[in-house]
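A short write-up of the structure that comes next.
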Amino acid sequence: MVVGKIIKISGPVVVAEGMKGSQMFEVVKVGNEGLTGEIIQLTEDEAIIQVYEETAGIKPGEGVTGTGAPLSVELGPGMLKAMYDGIQRPLNEIENATDSIYIPRGVSVPSISREIKWDFEPIAAVGDEVITGDVIGTVQETASIVHKIMIPFGVSGKIKEIKAGSFTVEETIAVVETAEGEKEIMMMQKWPVRKPRPSKGKQAPVIPLITGQRVEDTFFGLAKGGASAIPGPFGSGKTVTQHQLAKWSDVDVVVYIGCGERGNEMTEVIEEFPHLDDIKTGNKLMDRTVLIANTSNMPVAAREASVYTGITIAEYFRDQGLGVLLTADSTSRWAEAMREISGRLEEMPGEEGYPAYLSSKLAQFYERAGRVECLGSENKQGFVCIVGAVSPPGGDFSEPVTSNTLRIVKVFWALDANLARRRHFPAINWLTSYSLYIDDIAGWWQQNTAADWRSLRDEAMSLLQKEAELQEIVQLVGPDALPDRERVILEIARMLREDFLQQDAYHEVDSYCSPIKQYHMLKIIMTFYKKGLDAVAKGADPAGISAVTVKGDIARMKYLVEDEFVNTKVPEIINKMESELGALIK
């Protein structure tokens, strides 16, 4: 064990001498209080350490003790419903142990409880040959999730002993005979956060992640295993959009990272999720959620750790064959922490003071998303979707964090302050946003909704773009000076914006919209467009088309329950539309 001595302190960065024999990214205990830190640079016998706790009060001459291990997370039953800080310390346990609402410095509490006993049910039997990733048993961790206990990395052989019953995460549940001797298996594993968990290989992202948000699903779809960015200025709805994704996404587990944002946003999640039902299982949303809270008043160095801790936990659930959504709010705060530490290390700054390695760090994080074939002899498939919020100062998308993120991700949901000011939510700008997965996921949509889904979606997008072109003319000469056909286009584009793209996150029905309902809503609006054009071509007045009463039914369709809407209202609206538009023809 290496023991060194502090010679310099600069905010969260500490320099220690006498550290020969230490390794890069080794965890060390700093000062008399044993603050947790990580070695980020080594020079002969000097080590530069980023400390994950407040360094006020420590002084040169105090000791630094190496642990010989990299920053790792504990993986096993007990993570769901938990709330951790950036280095996986359980906040509830710390509060109970210290009777304080603040995290005392140097506190050390196990990430996963060592007291709770879990009912382990074996799947494998004595004599079975097992390899890394094989599931040997299960634990019913929450009402929603059956936790699969897997053979840890680097272990393969024959099961010599396996037992059912109630065990803590550190007790032996099985013994495997390997070439190197007997290995005891327990429910808990440890994994270094900076090392991606291995898999057999990545698969093509061809299945969409259904979020229940019409603008995201229909227009700018994200594939399962994909990565998306949500950049937007302050007050444009980034956090509410991420909360909606965490609530309604078609996944088994949600890992929500609050990285350098306000504490009240995490409080909102803690207060809301235990009362909301998961549409997939009917159980509470909190049963499938892991929260990592690294709020803006916590030490900046831990922001980087929180992002890596979150993605490692997500990969662990992925390896069980589950679908995982990881939301990071906000990656800009992580980048700002990198900039601060880079400045204290006196490194050459890059664009806007960010370090030159900003883009490679972002890429390392986003590239850990993916749909994979999991390790093990079974045919398990899992995926991790990453949705990262970006907070560009002043809404400037050309700043380094946003521009580097856009080079890596394939879905860009651009939040617009002007839309937010007009109370259009979600404030995703349909002219600047894009998805590069549309060609990959179109097959799923056509199979699960209707064959004309892609043509409807493309036509609706072109109408919205046409409206933007016509707006300049309208502002100069007014809508009445336009040809009849273009007046119809303006009316349909308005219906698309207000009746389809706008969605109320706080309405019990409109908060989530299924793929079938999304398709029928779009189909009705586009049918109105075609029939409106036919009516105008046959002599109808565009002003009359704008005044038909069926438009009120179309505006209300988002608030109808899916069964009632699809089975009853769709044919009614189509019939009413045909009769009212037909009556306008001279």
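The backbone N, Cα and C atoms fix where each Cβ goes, and this holds for glycine too.
Taken verbatim from Swiss-Prot:
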BINDING   G232, P233, F234, G235, S236, G237, K238, T239  ATP binding site
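Its Cβ taken as reference, T239 (ATP binding site) is surrounded by 22 other Cβ atoms within 10 Å in the chains shown. Listed in sequence order, the residues S391, L415, A417, A420, A427 complete the 8 Å Cβ shell around the ATP site centroid, once G232, P233, F234, G235, S236, G237, K238, T239 themselves are left out. Cβ neighbour counts within 10 Å, taken over all protein chains shown, single out G232 as the most crowded of the binding-site residues G232, P233, G235, G237. Sequence-distant contacts (6 or more apart, same chain, Cβ under 8 Å) of S236 (ATP binding site) comprise G395, L415, D416, A417, L419, A420, A427. Every protein chain shown contributes to the tally, and the Cβ of K238 (ATP binding site) ends up with 24 other Cβ atoms within 10 Å. Annotation for F234 (ATP binding site): spatial neighbours S391, criterion Cβ-Cβ under 8 Å with sequence separation of six or more.
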